[in-house]
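Database features, via TrEMBL:
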type: TRANSMEM; residues: 12-31; note: transmembrane segment
type: DOMAIN; residues: 69-224; note: domain 'Glycosyltransferase RgtA/B/C/D-like'
type: TRANSMEM; residues: 96-113; note: transmembrane segment
type: TRANSMEM; residues: 119-137; note: transmembrane segment
type: TRANSMEM; residues: 173-201; note: transmembrane segment
type: TRANSMEM; residues: 213-232; note: transmembrane segment
type: TRANSMEM; residues: 262-285; note: transmembrane segment
type: TRANSMEM; residues: 297-315; note: transmembrane segment
type: TRANSMEM; residues: 321-339; note: transmembrane segment
type: TRANSMEM; residues: 351-372; note: transmembrane segment
type: TRANSMEM; residues: 392-415; note: transmembrane segment
type: TRANSMEM; residues: 422-441; note: transmembrane segment
């Protein structure tokens, strides 16, 4: 993408420093809170079973085939943990943190080489401090490695449009698309769709011939085809049908996953990409006004952003995490908008001050509301002993103070005369929020989000290899195994099955994912030991029958 003759040593140094700082910020204190239900423990358990059982081709969960996702990222987690020597909360999160930080560095250097150092570094900073980006960068998920692949592939294909003399960019792009497909799904093909849309809108379809389609698709086919051949050999057509064909159809239609209305992203994106979306409307207006004179790569990022936003809106299954695909383009657009102020191409700061004022007012109101009503909200969700024991009052007070202080700071920007100060306050808002989350909020909320406490009690109660049953979801409730290595012997779907299990003459252990549902059908017997747990939004039970 960047020739050696254009090598910018100073930009490279800035980029490396930014990457190290972001990596350190994301890594800080991740060992001090557990894997959070449902995705983190489930994905980590799939990786653990892959490492322990040696099932590197077909993912397994609770020693049963796990159909929902391809195996590649689970392999990466397992291999990384094997290199470290053990699998822990830190080792399963580290690959994602590394990829998220590396993507920031690569984009900073690339855009810096195209649009100037300022734009490049600002792009990296904006991306690193987008709410949903830093949240998922610090968690075990499949979308961070996916956007690493698709973002680099997108840029490579864009660069290939202007390169008639070599095909390595095409080959590498399709290789990354293939890898992305094995990380999550064929959604990794989005870069190809965006490039087609871009060339159609800009009337440059003739440049598509510069992309080495045959060689690129050959690389893609080798990567994906090798896995498909292996799964046919190991598990046959049935696995391919359920894990690939059915998943693709059902997620695209919304029959499986997270079905949401067409307008879902229009509502959720502005919230989940805070704080930078406060500048989205004035930035969009300025970009539209300058549409005929925009740098070519800025125009490409506009099409990238809008194309994926529209495409994903037509897909049936929708989640905020899916929009990570647009964050790199969004970060570039916001950064370029700020750079226009620095260059004095925009004289009035209204496009920065008014959004900052509105945002500051809103979070100030939130802070005051938490100060006045926070304890009442806690009392509705938790009992008083739990609030005291877990320190939830500290969480509410910390958030209240944080929002009040930063609300006032954003409001004070109305009297500033520098776009640089507005940018610094916005960045610092996210950085301080990350630190508050990691030092205060997450370690305390961990007590009602972690599956570890139930898992440890299960290990303590199983003194004679008692059979273990689950009345819940195979996918959502199997993450407990990560902490104790105890597999479920049975997973029940009906109360009749549960009743027969609990009526066994042998001692048995049952995990219940829905306390209310259980008590609707059963009354606690004298020979039952029952413990209650709060795990995310679920009120769970751990029951052991004692028949001795």
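In case you wondered, yes, glycine gets a Cβ from its N, Cα and C as well.
Curation does not apply to TrEMBL; its annotations are automatic.
The structure displayed is predicted, hence computed values, not measured ones.
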Maximum Cβ pairs under 8 Å to the transmembrane segment (321-339) - stretch from the list 262-285, 297-315, 422-441: 297-315
Positions on the same chain near the transmembrane segment (297-315), where near means CB under 8 A and six or more residues out: 111, 114-115, 154, 158, 190, 193-194, 197-198, 201-202, 251-252, 254, 262-266, 269, 287, 291, 322-323, 325-326, 329-330, 332-333, 336
Overall pLDDT of the domain 'Glycosyltransferase RgtA/B/C/D-like' (69-224), taken as the mean: 95
Touch test for the transmembrane segment (392-415) and the transmembrane segment (262-285), at least 3 Cβ pairs under 8 Å: no
Residue numbers, six or more beyond the limits of the transmembrane segment (422-441), whose CB comes under 8 Å of its CB atoms: 25, 28-30, 32-33, 122, 125, 129-131, 134, 275-276, 278, 338, 349, 352-353, 356, 394-395, 398-399, 402, 406, 409-410, 413, 416
